[in-house]
Ligand SMILES: NC(=O)C1=CN([C@@H]2O[C@H](COP(=O)(O)OP(=O)(O)OC[C@H]3O[C@@H](n4cnc5c(N)ncnc54)[C@H](OP(=O)(O)O)[C@@H]3O)[C@@H](O)[C@H]2O)C=CC1
Ligand SMILES: O=C(O)C1=N[C@H](C(=O)O)C[C@H](O)C1
C-alpha cells in the first residue's frame, strides 16, 4: 500500500525535510503540500495555499497529514483533518495545555500521533533516563537543551517530555529555569537550561550527579533528516489505525 500524504508548513525547515525524505521513499507519496506563502516548488512539489487546506483535503483525500508548523496552526490543521476523516501526525512543539486538549479532541474523530521528537535516539535516551533516575536516588538532575538560533519555543518540546518522564519516575519536582544571583540549589529541584546558537539541529543532555560521581546522557541530532524520517515512519504506521491518540514509542515497538 502506498500511503498518501498532505504536508503543512512546506516552506519551513522541517516541511522541506519531510518533502525531501518523502521523495526518497516508495511506500508513500505526497498528494499535496501547503504554505501560507504558496507559489514556489519545494523538493519538486508544488506548494499550494494553506487557506485552501480544507478543499485540498476534500479533493486529494490523503491518508495522513504531516505537520511541523506552529502551535496555533497545528490545532487548526488537526481540526480540519478531524472534519475530513484524515489522520494527523504532528511534531509541532510549544503547544499550551489548551492546545493539547484541542488536539486530543481531534483524536476522538481520527488517528492523531504527537511526538515532541521523532528520533530513535531520543526514544532510547528517554528509556535510559527512566531507568537511571530511580537507580541514582537523590542525585541532582540538570537538563540542558541546545538548538539553532531561530527556534521559537523554550524549553524545547523534547526537554518538557523528558521532564515529565523524570516526574513520572520520582514524583513531581520543582523546575528551575537558569540561575542568577543568590540562587543555591535546593534538594530535588531539576535545573533546566536552554541554549540557542547557529544551526544546531537539536541536542539534549541529562546530567545526574551525586555520591562523588556523575552520569551524563546526551543525544545529538546530526541533521533534521532524522526527525523527518521518524515522522514518515509514524505516518505510514498511522495510516490504517482507528481514531485515537498515539505515541511515537508505539511506532517503534
Ligand atoms: N518533533 C520533532 O521531531 C521536531 C519538531 N520540530 C518542531 O516543528 C515546528 C516547526 O519547526 P521548523 O520547521 O524549524 O520551523 P520553521 O519556522 O522553519 O517552519 C514552520 C513553518 O510552519 C508554518 N507556520 C508557522 N506558523 C504558522 C501559522 N500561524 N499558520 C500557518 N502556518 C504556520 C510556516 O510555513 P508556511 O509559511 O509555509 O505555511 C513556517 O515556515 C516547531 O514547533 C519545532 O519545534 C522541529 C524539528 C523536529
Ligand atoms: O525546533 C527544533 O528544531 C526542534 N524541536 C523539537 C523540540 O522542541 O524538542 C525537536 C528537536 O529537538 C528539534
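Glycine is no exception: its Cβ is also placed from the backbone N, Cα and C atoms.
Note that the structure is predicted; figures quoted are calculated from it, not measured.
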Region 'Disordered' according to TrEMBL, located in which of 132-151, 152-171, 172-191: 172-191
Cβ packing number for residue 13 (NAD(+) binding site), 10 Å threshold: 17
Lowest local Cβ density among 147, 151, which the record lists as active-site residues, within 10 Å: 151
Candidates near ligand 2 among the binding-site residues 11, 91, 93, judged by a Cβ under 6 angstroms: 93
Per-state residue totals over the region 'Disordered' (172-191) - DSSP helix, strand, coil: 0 helix, 5 strand, 15 coil
Filtered recorded positions, from 9, 93, 118, 147, whose Cβ is under 6 Å from an atom of ligand 1: 9, 93, 118
